[in-house]
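Below is one structure; the comments refer to it alone.
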Amino acid sequence: MHQVEEIILIVENLAEVRGKTPHYRHLYVQVLAAIAVGILLGYFYPDVGSKMKPLGDAFIMLVKMIIAPVIFLTVATGIAGMTDLAKVGRVAGKAMIYFLTFSTLALLVGLVVANVVQPGAGMHIDPASLDAKAIATYAEKAHEQSVTGFLMNIIPTTLVGAFAEGDILQVLFISVLFGISLAIVGKKAEAVVDFLHALTLPIFRLVAILMKAAPIGAFGAMAFTIGKYGVASIANLAMLIGTFYLTSFLFVFMVLGAVARYNGFSIVALIRYIKEELLLVLGTSSSEAALPGLMNKMEKAGCKRSVVGLVIPTGYSFNLDGTNIYMTLAALFIAQATDTPISYGDQILLLLIAMLSSKGAAGITGAGFITLAATLSAVPSVPVAGMALILGIDRFMSECRAITNIIGNAVATIVVAKWEGELAPAQLATTLAGKAPVETMSGLSSQRSDTVELGQKVLFGATNSADRTLAGRPGGRDSRRIAPDHSAQVFGGPLSL
C-alpha cells in the first residue's frame, strides 16, 4: 500500500512540475509561431520557401501512418464493449441523417451567397483563353470517380490491404466488423479486448510523439504555399477568397452555433477546446492531420468511444461542410466570371450532383478541387476550363475548407452522442469550460489532476469495462489488484519525461 502511495505522490509531483510549463512549450503556440515564420520565409525568400514542401509532406505522411491503428483500436474496443449491437446501426443511421442534412445545407448556403454577392461578376473572362491543360490532371482524376466505384472501394481487397493503403473507410469497415465479432464472441474474447485496450496506450503515446513535429510540418507547408503561389495570387481573386472565408465563418457561428446551442453547448467553447487541431489544420491544409487528436479529445469531452469511432472517420468522407460551401460557391463564381448564364434549373442540377460527388472527398489537400472538377464535368452549363481561374488560390482556400470540416465533425460527434444517449453532459460542460483535465496533442497535461488521473489509469490498469473502473484513490476496491508491470508503466509509459 505504501508503495502505491509513493508512486501516486510521484505522479502528483510530476503534475505540479508540468503545471508550470511556460507558454512557448505549448504545441498551439509553437504551431502559430511556425506558421508566422513560414509566411515570412515564403514572402521574402520565395525560392527557399517553395523548397520547404517536403517538411509539410513528411509530417502528413507521419500522421497518416498512425491513423489506421487509431481508428481500428477506437472503433473495435468501443463496439466490443456494447451490450446492444443494434446500437451500432442506430449510431450509423443517425450520423448519416445528420451528415446528409447539414451537407445539403452547406451546399445551399454556398449557392445562396454566390447569387447574392456574385463574387465573379464583372470579370468578363473568355473560357477559350484559359489554359485547360493546367487542370487536366484534376479533371482526369474526377472522371475516375463514380458512386458505384466509391461504394465498392469501401471493401478492401485483403484484410491487411486496408491498413497498408491507409484508406479511412476501408479501415473503418474492418474495424466495425471486427468489433461486432468481438461483441458476439463475448467472454471468450476478453483477452483480445484487454490486449487492444493495452495497445491504445503506446499508440496514443506515439501520436503525442509525432505531434511534436507539428510545428516543423506547419512551417514547411506554409512556407511552400506563400513561396510558390505568392501573396499576389490572393489579391487578384480577393473577392472570392473573402466571400468564401466570410461564408464559412457565418456557417460555423450561425448554423453550427445554433445547433450547438440547441444541444446545450457553446460553439466558441468547442473551438477553444480543439484549438490545437485547428491550428494544425491551418498550417498543413489537411484535416487528416488532426484526426487522431480530434478523436481523443471528443472521447475526453464525454462522448462514448463507440460513437466517436463511428462518427468522426465516417464524417471525414460524408460530412464536409467547408468543402460543400466551396463547391457551389466556386461553381457559380466560374459561371459569373466567364459570363456563362446559369438558370435556376441548372443550379438545382448542380446542387443534386454536388450532393453525390461531395461524398467520399478525402481529407487531404486538393481533394476539394478534384471533387469540384467531378461536379462541373457533370454540369454542362459551367465550363470546366474555368477552374484554371481558381487553381492558383485553391491552396489558400484549402485551409478554410479543412477547418470548417473539422468543426463540423466535432459538432456532429457531440450531437449524435446526445441523440443516442451516449454523452456525459456534465463532463462535456466542465471540459469545454476549461475546468476538466485535458491531455493535449503534445502529450503534456494541461492541469495537475489530469496527470493524476492518467497515472491512476495506468497504475490500476483501468479500461472501459465496468469491472475495471478505478475507485479513484489508494485503497479503493481495485487497488488490491495492482500488478507489478502496471506500476512500472508509470516510468516507461505515458508519464515518462
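Keep in mind that glycine also has a Cβ here, set from the backbone N, Cα and C atoms.
So that you can see what the record holds, here are the features copied from Swiss-Prot:
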COMPBIAS  475-484  compositional bias 'Basic and acidic residues'
REGION    466-497  region 'Disordered'
TRANSMEM  27-45  transmembrane segment
TRANSMEM  60-82  transmembrane segment
TRANSMEM  95-117  transmembrane segment
TRANSMEM  168-185  transmembrane segment
TRANSMEM  205-227  transmembrane segment
TRANSMEM  237-259  transmembrane segment
TRANSMEM  348-370  transmembrane segment
TRANSMEM  374-393  transmembrane segment
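If one looks beyond the transmembrane segment (168-185) by at least 6 residues along the same chain, the residues whose Cβ comes under 8 Å of a Cβ in the stretch are 67-68, 71-72, 74-82, 85, 88, 153-156, 159, 161-162, 192-193, 288, 291, 309-310, 313-314, 316-317, 360, 362-363. Within its own chain, the transmembrane segment (60-82) is flanked in space by residues 88, 162-163, 166, 168, 171-172, 174-176, 178-180, 182-183, 189, 193, 196-197, 199-200, 203-204, 206-207, 210, 213, 217, 284, 286, 288-289, 291-292, 295, 299, 304-310, 313, 364, 464-465, which lie at least six positions past its ends and keep a Cβ under 8 Å from the stretch. Below 8 A, the CB atoms of the transmembrane segment (237-259) and the transmembrane segment (95-117) form 3+ pairs separated by six or more positions in the chain.
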